[in-house]
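The structure appears below as structure tokens.
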Amino acid sequence: MHREMHPVFFLFFYFSSIPVLTWSSRRAPLVQGAEMTGGTMSEEPAVTPSWLTPDPTAWASGGGGPMDNSTGLGTFPPDSLPPNQLPLLVNPWDIVLCSSGTLIACENALVVLVIWQNPALRAPMFLLIGSLALADLLAGLGLVLHFTCAYLLRSDAAQLLTVGLVVASFSASVFSLLAITIDRYLSLYYALTYNSERTAAFTSTMLVLLWGLSLCLGLLPVTGVNCLAEEATCSVVRPLTKNNIAVLSVSFLLLFGLMLQLYVQICKIVMRHAHQIALQHHFLAATPHYVTTRKGVSTLAIILGTFAACWMPFTVYSLIADYTYPPLYTYATLVPATYNSVINPVIYAFRNQEIQKALWLVCCGCVPASVAQRARTPSDV
């Protein structure tokens, strides 16, 4: 009986193994990016929703290579689901950028609203803070719009417009930071004549120049300075060319050097004023002015250090890398750069006494006594 059943078990095992082999042979093309059509391999058109990598699944393998089976995206046969039920591949790094853009937009929209509705906040300093908040607001909206257009419209025109908006907005944000630094230096160096009409005219000129230059930089991809026609000329941020992003990176380094020099001069002026006041009180180390001046210098160091920590990695990486580098490195340096727009309102707006009062009035309808009675100190520089 046992010898008669043995061939039956052998045939059952043989025929039951056929579906397994068939499933495995149909699964392999999905991993390689192609599918079987009538016994031949046919390449599928690449879908490129991400602005940083031609392959939306490149994040899975960490370098734009074939998709790894361990990601779970290749565990089903290619035709086991109808086309309308196939999952849309969304790069998680793009989700992080979209989330950052949403936070940036909401945070800076509050600053813009407060400055716009309060007529008392019309001094040059507040106009520059409003310019910074507006630039960061547009940058956040640009990140959200790019995510939406990239995964819904998937058109080159929408990609160029949204990338142009992001480039112009972040450029205006960096230029506004430089303008704020110049304004702070002038307010200390020309303390007696700072509140004159000349200062207001100079501030207006700076605003026109910085927004005009930022708009020109943002229009470059739309006017044809892009790498859509020739992929080899692309930088780490598609569709910006390598030359275009090199100019942006070098300009940032020059602006950072200028800001560093201005902040050094500001520290010297503040320390000199504090020393003169301390000599009048005959207590150099114990005077409150000396203590608050040290806080002011520490604040300047935090401002400049935060700015460098956010933007410097992406700037240096953009100079040495090209489109062949793994997209993971680009995302890892670009995301911290966007966080600078999250930190800017905290440093430049929410710490300001007048803006704090306006925020309390808008949110609560009253100003706490601790905020209303706080005197301005050098640490607010």
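Cβ coordinates are placed from backbone N, Cα and C, and glycine is handled just like the others.
The average pLDDT the prediction assigns to the domain 'G-protein coupled receptors family 1 profile' (107-348) is 87. Per TrEMBL, the feature domain 'G-protein coupled receptors family 1 profile' maps to 107-348.
The signal peptide feature in TrEMBL is assigned to 1-24.
The feature transmembrane segment is assigned by TrEMBL to 93-116 (among others).
The annotation transmembrane segment is assigned in TrEMBL to 128-153 (among others). Proximity of distant same-chain residues to the transmembrane segment (128-153), defined by a Cβ-Cβ separation under 8 Å and at least 6 residues beyond the stretch ends, is recorded for 49-51, 88, 90, 94-95, 97-98, 100-109, 111-112, 115-116, 121, 159, 161-163, 165-166, 168-170, 172-173, 175-177, 179-180, 183, 203, 206-207, 210-211, 214, 338, 341, 344-345, 348-349, 352, 355.
Residues annotated as transmembrane segment in TrEMBL: 159-180 (among others). Distant neighbours of the transmembrane segment (159-180): 51, 125, 128-129, 131-132, 134-136, 138-139, 141-143, 145-146, 149-150, 203, 206-207, 210-211, 213-215, 217-222, 226, 228, 237, 239-240, 248, 252, 255, 258-259, 307, 311, 337, 340-341, 344, 348; these residues of the same chain sit at least 6 beyond its ends, with a Cβ under 8 Å from one of its Cβ atoms.
The transmembrane segment annotation in TrEMBL covers 201-225 (among others). Listed as Cβ neighbours of the transmembrane segment (201-225) (distance under 8 Å, sequence separation of 6 or more from its ends, same chain) are residues 124, 127-128, 131, 135, 160-161, 163-169, 171-172, 175-176, 178-179, 182-183, 186, 239-241, 244, 248.
Taken from TrEMBL, the feature transmembrane segment applies to 245-264 (among others). Panel annotation: around the transmembrane segment (245-264), residues 167, 171, 174-175, 177-178, 181-182, 184-185, 217, 235-237, 300, 303-304, 307-308, 311-312, 315-316, 318-319 of the same chain, lying at least six beyond its termini, place a Cβ under 8 Å from a Cβ of the stretch.
Note on the transmembrane segment (297-316): residues 174, 177, 249, 252-253, 256, 259-260, 263, 266-267, 270-271, 333-334, 336-337, 339-340, 343, 347, 379-381 of its chain, located 6 or more positions outside it, place their CB under 8 angstroms from a CB of the stretch. Feature annotation from TrEMBL assigns transmembrane segment to 297-316 (among others).
Here TrEMBL flags 328-350 (among others) as transmembrane segment.
Same-chain residues lying 6 or more positions outside the transmembrane segment (328-350) and placing a CB less than 8 Å from one of its CB atoms are 52-53, 58-59, 62-63, 93, 96-97, 100-101, 103-104, 107-108, 110-111, 129, 132-133, 136, 139-140, 143, 170, 173, 177, 180, 236-237, 302-303, 306-307, 309-311, 313-314, 317, 321, 356, 359.
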